[in-house]
Amino acid sequence: MKISRWALVCILSGAFTEPAFAVDPQQIFSQGGPNPGVIACSTCHGADGLGMPAAGFPRLAGLPADYLTKQISDFRSGTRGNPIMQPIAQALSEDDSKALAVMLAKMPSPAVKPVTRAHAAKGPGEILALRGAWDRNIPECVACHGPSGIGVGATFPPLSGQSAQYLKSQLNTWRQQTRKNDQDDLMGHIARSLTDTEVEAVSQYFADLSK
Amino acid sequence: MKPIIAALITFNIISMACATEIVEPTAPPKSPNPTQNKAPRFSPPAEETLPDNAFGRLVQQGHAIFVDTKANASEFVGNGLNCTNCHLEQGRKADSAPLWGAYTMYPAYRKKNDKVNTYAERLQGCFQFSMNGKPPPADSQVIAALTAYSYWLATGAPTGQQLPGRSYPEIPEPAGGFDLAKGKAIYAKQCSVCHGAEGEGQRAGSDYVFPPLWGKDSFNWGAGMHRINTAAGFIKSNMPLGKGGTLSSDEAWHVAAYMNSHERPKDPRMIAGSVEQTRLKFHENDGVNLYGQKVNGVILGQGTE
């Protein structure tokens, strides 16, 4: 009798209260995680999750949950090298990173100017974005990242709604191969074929689409 | 909290600066691509040379239809494809059936319909089969604009001469024939990231970004791309996007066969609802294809809904 009563209490408490190790993602986002290594996301990515352009911290708000989860996992493993994010990702549990990603995906993201390949392309950034540089096997950016670079599925992240600083820093990590978390070097080979001028211009182009 | 933020910002700015410095300013390296640079290729004119007049505007309209077909020629499109899905670089790329290689070869006899076709009729064929839609009337604005765009891309090209890089290259069939199981494995490893696990393509919002390769929103059984030999040539030269020439000829054949071993919209020329009659008339002597063949216990060619 005693045992079964305890069993009942355990079942009920399990069903109606959060297990001790699960933490509210909103709390991790704004106050940090249970592990002191997990600094509040909002510290660098902003209270609205829209990033901190001047310092190169990206927008997380509105990014697909599966993309975010994969990035955390890649920071942890080092295929996406980043000295700030790697220890944070390692201190973050898998469940917490998933819960955070789901929450972040639902946060509002900036409006983006609609542009397709049908538009006339002027200047090196727009030409790369809408026409590519096929003599170097570089497809139009929008061929994979979607019209206006709004992103496609869990694999091809949005380019618009990110700052020029962030986009440029990422292109450079692809070029240095400290970021190599793509399939079959699909992004890596493109980044390595770009000139410095093109990296600047195309980063600015996509950043300007959400201004 | 403030010192942490300041430290992180400083750290990130320094790492961004380092990232920029480590990369040496380089002339872009030439990507090796075995399917290119075999012969001198025709160069279509640069976009900025397009005149700002009525002709230039018609060419621009043709370009807009070509790259965003559903939005700009919606009444003639019956699937999720754009012209530029098979004719890469907006119809400019060699070995990807460039418009400059096609325009100068018409009028021409085609076995497909056993008559001399004008360029307008050739374009109509694309809409009927590859776009699974309706052929725009020969005197329509859509045909006028696409013809103007093709004509302009072919500026300076000789007429009636097969230019190197036209159409898709012919590549040799594997010695032991194609293998659907190998094709499936290649597809899962290299193609599904863009085209989806079931060939369904991927959208951004309501519009397809990565084209569906089979199923109801893909090209129909009458399109040239349903031939395994044609698809293998396209894939070998152009896939994965931006990494053309990285698959072997055998791999291109296997994966082309896998793609074309799935059901897709029916051949609009279907005779009396009979796959077998249609096969005998239109598919038996049309390259290598699986129309009317049994794959996984089902005869292909009945068409999707």
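Positions of Cβ are set from backbone N, Cα and C atoms, glycine also.
Annotated in TrEMBL:
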type	residues	note
DOMAIN	A:20-108	domain 'Cytochrome c'
BINDING	A:Cys41, A:Cys44, A:His45, A:Met85	heme c 1 binding site
DOMAIN	A:120-210	domain 'Cytochrome c'
BINDING	A:Cys141, A:Cys144, A:His145, A:Met187	heme c 2 binding site
CB contacts for A:Met187 (heme c 2 binding site) [other CB atoms within 10 A, all chains]: 22
Cβ within 8 Å of the mean position of the Cβ atoms of A:Cys41, A:Cys44, A:His45, A:Met85: remaining residues of the chain near heme c 1: A:Ile39, A:Ser42, A:Thr43, A:Phe57, A:Leu60, A:Ile84, A:Ile88
Remaining residues near the recorded heme c 2 site, that is with C-beta within 8 Å of the centroid of the site residues A:Cys141, A:Cys144, A:His145, A:Met187: A:Pro139, A:Val142, A:Ala143, A:Gly149, A:Phe156, A:Leu159, A:Ile190
Cα-Cα distance linking A:Cys41 (heme c 1 binding site) and A:Met187 (heme c 2 binding site), given in Å to the nearest integer: 27
Interface-adjacent binding-site residues, chosen from A:Cys41, A:His45, A:Met85, A:Cys141, A:Met187 when a CB lies under 8 A of chain B: none
Average model confidence [pLDDT] within the domain 'Cytochrome c' (A:120-210): 97
Euclidean distance between Cα atoms of A:His145 (heme c 2 binding site) and A:Cys44 (heme c 1 binding site), Å: 25
Binding residues A:Cys141, A:Cys144, A:His145, A:Met187 (heme c 2) - maximum C-alpha distance in whole Å: 11
Inter-residue C-alpha distance, A:Cys141 (heme c 2 binding site) and A:Cys41 (heme c 1 binding site) (nearest angstrom): 29
Per DSSP, three-state class assigned to A:His145 (heme c 2 binding site): helix
A:His145 (heme c 2 binding site) CB neighbourhood, other CB atoms within 10 A: 22
Distance, A:His145 (heme c 2 binding site) to A:His45 (heme c 1 binding site) (CA atoms, angstrom): 22
